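Report on the structure given below.
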Amino acid sequence: MTVSTHHDDSPGLSGRLRDLLHHVFGNQKSPTVYPNAPGNSAKPVPTGLADDIDKLGFKDIDTLLIFLNSAVKGVNDDQQFLLEKMIQLLAKLPPASREGKKLTDGLINDLWDSLDHPPVASLGKGFSFREPDGSNNNIHLPSLGAANTPYARSTKPLVFQNPNPPDPATIFDTLMVRDPAKFRPHPNKISSMLFYLATIITHDIFQTSPRDFNINLTSSYLDLSPLYGRNHDEQMAVRTGKDGLLKPDTFSSKRVIGFPPGVGAFLIMFNRFHNYVVTQLAKINEGGRFKRPTTPDDTAGWETYDNSLFQTGRLITCGLYINIVLGDYVRTILNLNRANTTWNLDPRTKEGKSLLSKPTPEAVGNQVSVEFNLIYRWHCTISERDDKWTTNAMREALGGQDPATAKMEDVMRALGMFEKNIPDEPEKRTLAGLTRQSDGAFDDTELVKILQESIEDVAGAFGPNHVPACMRAIEILGIKQSRTWNVATLNEFRQFIGLTPHDSFYHMNPDPKICKILAQMYDSPDAVELYPGIMAEAAKPPFSPGSGLCPPYTTSRAILSDAVSLVRGDRFYTVDYTPRNITNWGFNEASTDKAVDWGHVIYKLFFRAFPNHFLPNSVYAHFPFVVPSENKLIFEGLGAANKYSWDPPKARAPIQFIRSHKAVLEVLSNQKDYKVTWGPAIKMLSGDPATSFALAGDEPANAASRHHVIAALTAPKQWRDEVRRFYEVTTRDLLRRHGAPVHGVGAGPRTHEVDVIRDVIGLAHARFMASLFSLPLKEEGKEEGAYGEHELYRSLVTIFAAIFWDSDVCNSLKLHQASKAAADKMSALIAEHVREMEAGTGFLGALGKLKDLITGNDVHANGNGVYTNGNGVYTNGNGVHTNGNGVHTNGNGVPHAAPSLRSFGDQLLQRMLSQDGRSIEETVSGTILPVVMAGTANQTQLLAQCLDYYLGVGEKHLPEMKRLAMLNTSEADEKLLKYTMEGCRIRGCVALYRAVVTDQAVDDTIPCIPNKDDPTFARPLSNPQVAESARTLKLSTGTRMLVDLTTASHDPAAFPDPDEVRLDRPLESYVHFGLGPHRCAGEPISQIALSSVMKVLLQLDGLRRAAGPRGEIRSYPASQWPGQAGRPPRDPAWSGLRTFTSADQSAFSPLATTMKINWEGRGDL
């Protein structure tokens, strides 16, 4: 493109330019020129505005305006060619133009400001991961903030301070000590759990050396050093040295052992989260970045493997840690947890550069100061329960002495001995008297009990006279430390952080008693020491939102500034916190989701540490920083109390697998003793009317619903032909629409590629549901319609997953929220269509019915077009799917159409509406919507796995299958159906939950075992010792069962030669659609749908996988994380169940999401 430089002499141009340039540059005088100046000082005589204006054109006004606008906004739309136009403008000006020089300077400044100077990130190996001691955070100042370096000073102390300050013991006894009879609960009912995290944060960045108070033994970064250690030796002590794991339920800090047990239990959750993370990282192995050695003697390779996993796992765990700090801790501090808002104070905000502002620096490092060491001493918030625990623990350490009266020297000596007696090996330490189990971990139920009691424990309030007496020696030491540091006064510090100084003792604290004591000790507010002053300050009142922590006024402001500095200054939380550094999955796993809990994220920590104790919507796991009773009031006010469970955590019994075909059939056929578990989810999605839907229960009403649905689905005689043709035509259309040539040129055959799962199989089923139930789809290039095709597919999968695949407790609430929103939208659209259908509205609908009566033709009318079998023109709910030119052809000029099933669907809806005379809304939510929910996801899953089998292990069958597909006869189609069902049986992975409602015993066997030669664990072997594997399972009431249809499909007792494709198996023998009273009601339709899509795919010339990982389905043996690494699986036998990942591998998925295929062709299908 050439940008014109045409000179525009429009009237008034000179005046407009002169005004603009005067506004930008001002009216400056030319400098005086001296004729006898030194030779090297001569400068060209600058030209003025008049000369500039003569050179410029009308379009240059726009260029200057765009330049100014870009400078103010900090964003340059390069499609406007601003840079090129500025160069053209500058090139027109005289060489010595004064204004031209300023514009050039501005352009250079803009280009300079586009980059960091100096850079804040580096590709050096020494900067990839956190160092154990925190060094190398700032790549230019590697020791900044490292452990074992001096504290910083924030505030210059200028005020003359009394050389004889008040006695520390007197300060404590008059301003700080708590009267045991006058405990003040926190005004916002914050639980002790928040202050346990505060304790971890404090000891993460402040650990004063007992030998030199000026030295900080830990780093100045929030890097979880209490868990990981402060140096290399401490870090190696908590690591197993294998697979990136930490030793089970360990943490580095000895000091934590001396705190209430909830602090240690909190750290153990981070330990377990870390081990969960590295286990999943190794499983996914994104891009092959974690190279597992192939030989046991490759010592260096194993060390690299372990370290890469450990360091990446640490970055991810710290990422969750900082998101908990910002998303849960800071939100509670600001009382945002009481407001219906997702706003949060997140220092990692992305600021743009502009003329009016520059972004706050980031990744510059940090060095904590002595002032903030004092700010973070919050002993007044110790609860009554923890006061008693601490007093007893200190009394025991003191040999029976009361810590409230013991000398400071005795207390320090006793605490030193206490820490000395703690084993150096973290795995040998205990917590609250708990005993380690054989796997090295503590008992989950006992840890959960500690956490539950801590969540229910109301913390203390801030303010004077509220520090437990047992902390007397600790507080006296703190006052003495502050004096050795020569810190500034309270007022000096307040001025430093931008607050007004206290002008009176009353301003500091209106309590007359406190005022009198302060006046006696310090004479003037300006003389009050920082630490005693903070402890004596009044606490802020609650504001909702605004003030939730309610600390002293100075603390309230200071901690927010410090939080911003700690996070924004940390390279690993800013410029290097990227999916590339911590993997897509790791980035996603640690991230907050504003759609869940308003951005709170601590539930991930609870659920990964204790997956079998907290319900998916437990308020204990989602909001532990406020006691449950107060949370109940908060959520009632927000109208969200019914979203959460208020029951205390409780261990759930392990899931019992049922594996053999005989046992599977026995369980699935018995509705009396084994009940389906889908009812609550179906009710959640569709409301009370859905409780009688076929799959929602095992009562007579559910059975009646099943019979009604089957009758409605299969009543039309022509339904098989309708379904078959729909899927064949639709599949061709999707291949044409989404396939693209990737090799070859010219008019000859070219290699095409398509994501067959995402863009063909899934969308074919989604289109079927849209056409059948008149869900309006958006046409290509248009905005009309309620759904894009992929959007509808995702909605259907999400709804299905909430009912049948809700197995990840951590993501369950998010899944339920998303599925509920999708179901509500879908229900409303279907109900609207049903009402219009019942009213008989729509001209084309009436015309179609009339034509049907007159001609007897098979007429399908929708809202926008007509299909007749004589003309072959199809439309869906909104029109014709075309390739952009309006018509698809098969090469012979015959139009390809996107067929509609609307009349078939409308008849189906009419039949469903006839049930029991229910209202439209009741029928839609109770029958129609559940039918829609049940269709797409499972069919996509089965066909994807079937195709995967035949493009891999079963490829020897492809030539015969392709031959059959090309015959296009009913006999050939029947054989293709058998091939399809066999592929689904061999590679499909299906299981169904059941609940035991009466004590039972089931005889079961293990029909197949893992194949050691198959690293994917997808191909089992028949168990040669199946008779010896016989066992009787004692099932008590309440037991959850997973009825494994995958193992049943590989049981030789039911399927001889289970690993071979055999076409002599009866269609009714297959179990991947279920067995018994709840066998899939839509199985006949599904069979035709699957085989029809498969048929079209087989007709592709040269059908094959795309090369490399793109052509493979990434899957892993399904297993439930047991809460800690090293625990043996509850049922180690082969299950055949698989888990998958999203296409970008950022999340696990219950079904395959992507697989690319290639074929040869000219693009016509």
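In case you wondered, yes, glycine gets a Cβ from its N, Cα and C as well.
When the candidates D204, D233, D243 are compared with the Ca(2+) site entry in Swiss-Prot, which names S219, Y221, D223, S225, the shared residue is D204. Per Swiss-Prot, the listed range annotated as region 'Disordered' is 1114-1134 (candidates: 43-63, 568-588, 1114-1134).
When the Cα atoms are compared, S219 (Ca(2+) binding site) and H379 (heme b binding site) turn out to be 23 Å apart.
The region 'Disordered' (1114-1134): residue composition by secondary structure is 0 helix, 3 strand, 18 coil, according to DSSP. Annotation for S225 (Ca(2+) binding site): same-chain Cβ neighbours under 8 Å, separated by at least 6 residues, are G134, A147, H203, D204, T218, S219, S252, S253. Of all the binding-site residues listed here (D204, D223), it is D204 whose C-beta has the fewest other C-beta atoms within 10 angstroms. Ranking the recorded positions Y221, D223, Y376, H379 by Cα distance from C1080 (heme binding site) puts D223 first.
Remote same-chain partners of the region 'Disordered' (1114-1134), defined as residues 6 or more beyond its termini with a Cβ less than 8 Å from a stretch Cβ, comprise 243, 245, 248-249, 272, 275-276, 278-279, 283-284, 439-441, 444, 608-612, 654-657, 659, 807, 989, 1006, 1008-1010, 1016-1018, 1020, 1047, 1140-1141, 1145, 1152. C1080 (heme binding site) has a Cβ environment of 19 other Cβ atoms inside 10 Å. For Y376 (active site), the same-chain residues that are 6 or more apart in sequence and have a Cβ closer than 8 Å to its Cβ are A198, I201, T202, F206, I559. Taking the centroid of the Cβ atoms of D204, S219, Y221, D223, S225 as the Ca(2+) site, the other same-chain residues with Cβ within 8 Å of it are G134, A147, I205, T218, S220, L222, L224, R230. The two recorded residues, Y221 (Ca(2+) binding site) and H379 (heme b binding site), have Cα atoms 22 Å apart.
Taken together, the residues in the region 'Fatty acid alpha-dioxygenase' (104-448) have a mean pLDDT of 95 on the 0 to 100 scale.
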